[in-house]
Amino acid sequence: MNVYDSERMTGLLRPLGYSPTANPDEADLVILNTCHIREKAAEKVYSELGRLTEVKARGGKIAVAGCVAQAEGKEIKARAPQVDLVFGPQSYHHLPELIAKSAREAGLALETDFAAVEKFDALAEGRQADGYAAFVTIQEGCDKFCTFCVVPYTRGAEVSRGTDAIAAEVRDLAAQGVVEITLLGQNVNAWRGAAPAGATQDSLGLGGLCRHLAQIDGIERIRFTTSHPADMDDELIAAFADEPKLMPYLHLPVQSGADRILKAMNRRHTADTYIRMIERIRQARPDIAISGDMIVGFPGEDEGAFEETLALVEAVEYASCFSFKYSRRPGTPGATLPKQVAEDIKAERLQRLQALLERQKQHFNAQQVGKILPVLFEKPGREAGQLVGRSPYLQAVFAPLPDHALGQIVPVRILSTRPNSLEAAALDVAA
Ligand code: 5AD
Ligand code: SF4
């Protein structure tokens, strides 16, 4: 979502005469779009700010955007007085006004209010597509309050964007050549909206929205991220079964495999209900690839609880999975729980978990060898005469193809695997 938000900010600044530069030292304005999810990400902001001395020396401005801005607001000014603008994730559409204000008045321009719906549409207006795959925000915020997580505090309550506004943006992107859309939200499968005109039901869930968007000419692939297991409803599972444009790939974080820890995390599911949910989804779409998020070292996690996490991973067989050491976030209930886990134990568990997840990922990739997969080719590859694109399972695939295949979904034969990609051959048309 931060990548999407940064792209939109770039779009907003263009009419003001700004263009992107790869070199921060020559910038008139540097915006750090920040993440507050783990301490390490938040601390990076301050070390990055310390490095931006040239910008100020040349009279440029420095802005901090995103969730660190939202959560730490004025503290940023105290720790980094060189910062001119601070604005939270709900204020991006006010960026032009904030810049004008900061040019007019001395001191810090600060905005950290919540008004998500207004922002969705303001950011989408006049959007220029950049490539063949595009992110589309349809939901923001989270009401789940997992006890480790800052998102409900930094991004606010769950808000769904309207069906018609989403469809209008997707139609507009399709008209600009976009073939694949990824619907975004912190808790995207909690999305609900009004049914479009002529529909029999009153409202839609995410499954219905995917079917609705699948009817837009030019849109060939639909993805969404990130989902909560408790919001995987029947409508969405059914869409996986019979909407071929919905890609067979689902990111469904579980966080832990131990019920005691899941309860302390306020996850609202058990290891067993999660595994059964995955089984139901696989019944609906047998070729689906599952990805996830895992946290090791949540307070109270002992060796036995960690082994239950390993057992869940063995049972699910992930195509890919992100894993993190628990990071104590101020203001969240987890931060004050007893039995915090020592850093060296977290590091050791993370290593064991990641070794298992890496084996599963390599196994999943190896299973594709010999198959023909439809790949959306998006960019030139590493070598001349080669393109790179994405398989239905989000794997990067390199194949020898001419430039005119860019933006097309081309079936290719998978030949071999590399650590983070697949190599493929173009099909012999005559064969
Ligand atoms: N510590 C470690 N990982 C976290 N995540 C969220 N909050 C924390 C935290 N305090 C992870 C979860 C979530 C992903 C986006 O980040 O796994 O799904
Ligand atoms: Fe955070 Fe996701 Fe839990 Fe919401 S559902 S509180 S975003 S981990």
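Placed from the backbone N, Cα and C atoms, the Cβ positions cover glycine too.
Unlike curated records, TrEMBL annotations are generated automatically.
These features come from TrEMBL:
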BINDING   Cys142, Cys146, Cys149  [4Fe-4S] cluster binding site
DOMAIN    1-104  domain 'MTTase N-terminal'
DOMAIN    128-365  domain 'Radical SAM core'
DOMAIN    366-428  domain 'TRAM'
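With a 10 A radius on its CB, Cys149 ([4Fe-4S] cluster binding site) counts 21 other CB atoms from all the protein chains. Within 10 Å of the C-beta atom of Cys142 ([4Fe-4S] cluster binding site) sit 23 other C-beta atoms, taking all shown protein chains into account.
Secondary structure from DSSP puts Cys142 ([4Fe-4S] cluster binding site) in coil.
Secondary structure of the domain 'MTTase N-terminal' (1-104), assigned with DSSP and counted as helix (H, G, I), strand (E, B) and coil, comes to 62 helix, 15 strand, 27 coil. There are 22 other CB atoms within 10 A of the CB of Cys146 ([4Fe-4S] cluster binding site), with all protein chains counted. Excluding Cys142, Cys146, Cys149 themselves, the residues of that chain whose CB lies within 8 A of the CB mean position for the [4Fe-4S] cluster site are, in sequence, Lys144, Phe145, Phe148, Val150, Val151, Pro152, Gln186.
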